[in-house]
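Since the structure comes first, as structure tokens, the remarks are kept for the end.
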Amino acid sequence: MQWLAIGLGAAIGACLRGWLARFNPMHHWIPLGTLGANVLGGLLIGLALVWFERVGSGLSPNIRLFVITGFLGGLTTFSTFSVEVFTFIHNGKLLAGLGLIGLHVGLTLLATALGFYFFKLVL
């Protein structure tokens with residue numbers, strides 16, 4: 001049952017990531033879809049951490065696997081982020097690559113903290 005929960009969550013997360021990828025060409029040096037997927041994933045994992053701690057403790061562990069390992073693992077995309085940064089650096093756009101690293105890491109950490117602390121206030 002664990003593998004089914006993870007697989008189903010991953011499929012849904014990957015479909016959302018695929019939909020968000022439509023926004024990648026909108027800006028010439030910021031792949032907005034990848035950035036959006038990672039920032040949204042950061043926000044949602046912050047919310048999920050608090051929710052599972054406060055509300056979801058009595059739930060089946062498969063639900064946590066579905067949400068965190070499956071859905072959020074399928075949604076967020078470190079490998080795509082890595083190849084986008086590498087492509088900039090390989091094409092001589094070092095500052096763009098470094099800027100992209102800063103955007104992804106900074107915004108994702110900020111979103112995680114916002115989700116975490118917002119849900120702590122609400123629950």
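If you go along the chain as it appears here, the first residue is 1 and each next one adds 1.
Every residue, even glycine, has its Cβ placed from backbone N, Cα and C.
Straight from Swiss-Prot, the features:
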BINDING   Gly73, Thr76  Na(+) binding site
TRANSMEM  1-21  transmembrane segment
TRANSMEM  32-52  transmembrane segment
TRANSMEM  66-86  transmembrane segment
TRANSMEM  99-119  transmembrane segment
Top partner of the transmembrane segment (66-86) among 1-21, 32-52, 99-119 - counted as Cβ pairs under 8 Å: 1-21
Lowest local Cβ density (other Cβ within 10 Å) among binding-site residues: Gly73, Thr76: Gly73
